[in-house]
Amino acid sequence: MALVAGSAAYQVLRGVTGTFPTQSATLLARAPALCARTLNRRRMSSRRQTDHLERTANTFRQEIISPAKVCEITNESATVKRVRLAIANREFTFKAGQWVDFFIPGVPKVGGFSICSCPGLLETEGVLELAVKYNLHPPAHWIHSQCTLGSEVAVRVGGEFCFDPQPSDLPLDLVLIAGGVGINPLFSILLHVADLHKTHEMTGRGFQMGNVKLYYCAKNTGELLFKRNILDLVKSFPGKITCSFHVTQQSSPVCVELQPFITEGRITEKDLASYVSTDQLCYICGPPPMIESTCKQLESLHVPKEQILFEKWW
């Protein structure tokens, strides 16, 4: 289950003014509209809370709560179900990287799940997707044990961790770093990046997206969510979208198709150093310890703190 706790201190909200470090001035001048919230790094190690609404009480939410109906359920992995929801309210929108409050009739607890589909899918088909890992928390347990085609729920968008460039913004390169089911919001961003590339290639208009690299770590290849979709994007946008998969407990042979993209072991500073530069924006999502170590690695590579955005899941 992917739940929001915050992002790093990168303040590029539309309409927000402030003083930024000189070393980031050039990037800030070219930065697109990003959603982010200042977060004291000490909160990274704060005690775990179990309630999504408590954790996100001070986080932005839209006013619209839309009815939704489950229209497709698939097994993304042995432990993760991918759920497609048909959204009833046509005014309902979201930005790549955001999440939803998930309301289930008869279940008192409200779920909080990152959206793994892109805004374009909602615009064209009226649906969004969630990928939910099994656990005993009531909303996640309901999805794995009781949710069926036609089940009715309600959703509300929230979150300040997103990528929403405007057509007039200058090109920008991204680094996406995911751990486990922390891939969800980053996959949404990656799909949105692909849509931006398609739009610019077909029309010559809109935001001109730079290059993106995804680093994604999971226990084994079976737990690498969306891996086929990700490889399809890499093939469709050679050089513009690249990826590096990392596995920490792989016990079976890796299939031939995945082998060129697989590295055994966690994502290290050396891995990041081969690609990361000081003029990129870095998005991180995963367990708090993974975020803490990755932030330190990026700072060691001289990436300004203002260019490191993160979101925790629990």
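Glycine is treated like the rest: Cβ placed from N, Cα and C.
There are 26 other CB atoms within 10 A of the CB of GLY182 (NAD(+) binding site), with all protein chains counted. Per Swiss-Prot, the feature NAD(+) binding site maps to GLY180, VAL181, GLY182, ILE183, ASN184, PRO185.
The average pLDDT computed for the domain 'FAD-binding FR-type' (63-166) is 98. Here Swiss-Prot flags 63-166 as domain 'FAD-binding FR-type', drawing on sequence analysis.
Annotation comment: Swiss-Prot describes 1-18 as signal peptide, evidence class sequence analysis.
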For PRO185 (NAD(+) binding site), the number of neighbouring Cβ atoms whose distance to its own Cβ is within 10 Å equals 29
For the domain 'FAD-binding FR-type' (63-166), what does DSSP give as the number of helix, strand and coil residues? 15 helix, 50 strand, 39 coil
Sparsest Cβ surroundings (other CB atoms within 10 Å) among the binding-site residues VAL181, ILE183: VAL181
